[in-house]
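Single-structure report; data block below.
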Amino acid sequence: MMVSVARSPDPSHDGAHMDSAAQRAGAVLTVDLGAVVENYRFLRKRAGGAVCAAVVKADAYGLGVDRIAPALARAGCRDFFVATLDEGMALRNVLGLGPRIAVLHGAPPRAEPDCLAAHLVPVLNGAEQLAAWRRLARDRGRSLPAILQVDTGMARFGFSQADLAHLLTAPDPFEGVALGLVMSHLACADTLDHPANAEQRVAFRSVRARLPGIPASLAASSGIFLGPEFHADLVRPGAALYGVNPQPGRPNPMRPVVRLQAHILQLRDVATGVGIGYGHAAVAHRPMRLAVVAAGYADGYLRSASGRGMAFAGPYPLSVLGRVSMDSLILDVTDVPPEHVPLGGCVDLIGPGHGLDAVAEAAGTIGYEVLTSLGARYHRIYREA
Ligand SMILES: *Cc1c(COP(=O)(O)O)cnc(C)c1O
């Protein structure tokens, strides 16, 4: 099936009134660009005086970077982060020259000229990347912008603090490199009272002291909520822009961005004792009415939600029965008034009263993975900001 991307906004959430492409698709994903922009403004405000960048890696967490990034740019965002060079090159084509686009993984070996040609700013994560960027600067006879990443306690990307100390003993360690930012990343920011947060903040302060005058960035979505001491000069939210709760266990301050509605393909009544779906992982414990809906693990409806996931038909909660299949799943609609679950109608897999984080929890994962798994078969509707 082709990926169908609706270019015209369709505010309808009612299966009966969807346009024909949406009606034809098994399931419809509605992305609210206005909510993304509101979330951006809210985070920018929470970050006080810090610049608010936007992390749009992995196709803007699965939501479509070619729609998300321009909406954020129109809302005043001038700094974008992607993970890979290819993502950066694609985003440059979307945004044109102007916004700063940083590549978190930096440039792969020998791809530095491509990075420069697309006006992308590499995050330098180690001595090899720094040396390669300095060589390119020397070859081009001018200084080249870059971001320096230092690891303050995650053991993932960046110069270790010892590497940095060693680096700074050299006469002109950043010759030819215009450092526009020094950054680090928090490992445990989603846990408010985790001791690693304060440790990383202290380590980051000493990193900044070694690089006076260079703007600094530490916080992603959750870090913004740890308080002003974490904001530095620039914050880098991703997930919270898209509605993921940056403070798990507390009320979600973000506006929901996605709604996922799946069509009911088949209804059936089964007697007590009937095995339901693959492996008969569920068995009807009473006479039951089942709805088979058009989303499965090939669409990113995670198989780990088998027997645990929930959907909604208006106010009525529906349990996922048995195993999630590749292209479908089975819901218990026994106690729902039939007019709420008509053949060809829609149920909410992600939606009001059943947000990303609840869906993630039922699948034993996090909202980030639910978003980045959203499938290519969904018909996509973008509601304009
Ligand atoms: C992904 C990422 C972010 C954004 O993180 P969220 O938790 O989605 O806000 C920020 N900085 C770095 C280095 C990242 O890898």
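Cβ atoms here come from the backbone N, Cα and C positions, even for glycine.
When secondary structure is read from DSSP and collapsed to three states, K57 (active site, proton acceptor) falls in the helix class. Residues within less than 8 Å, Cβ to Cβ, of K57 (active site, proton acceptor) and separated from it by at least 6 positions along the same chain comprise F81, V82, A83, T84, E87, L104, G238. Residues or ranges marked as active site, proton acceptor in TrEMBL: K57 (among others).
Taken from TrEMBL, the feature N6-(pyridoxal phosphate)lysine applies to K57.
Sequence annotations record features per position, and here TrEMBL assigns substrate binding site to R156, M326. Taking the Cβ of M326 (substrate binding site) as centre and 10 Å as the limit, one finds 12 other Cβ atoms among all the protein chains shown.
The DSSP breakdown of the domain 'Alanine racemase C-terminal' (257-383), given as helix, strand and coil counts, is 26 helix, 48 strand, 53 coil. Annotated domain 'Alanine racemase C-terminal' per TrEMBL: 257-383, in sequence order.
Marked as active site, proton acceptor by TrEMBL: Y278 (among others). All protein chains considered, the CB of Y278 (active site, proton acceptor) has 14 other CB atoms within 10 Å.
Around R156 (substrate binding site), the C-beta neighbours below 8 angstroms that are at least 6 residues distant in the chain are H185.
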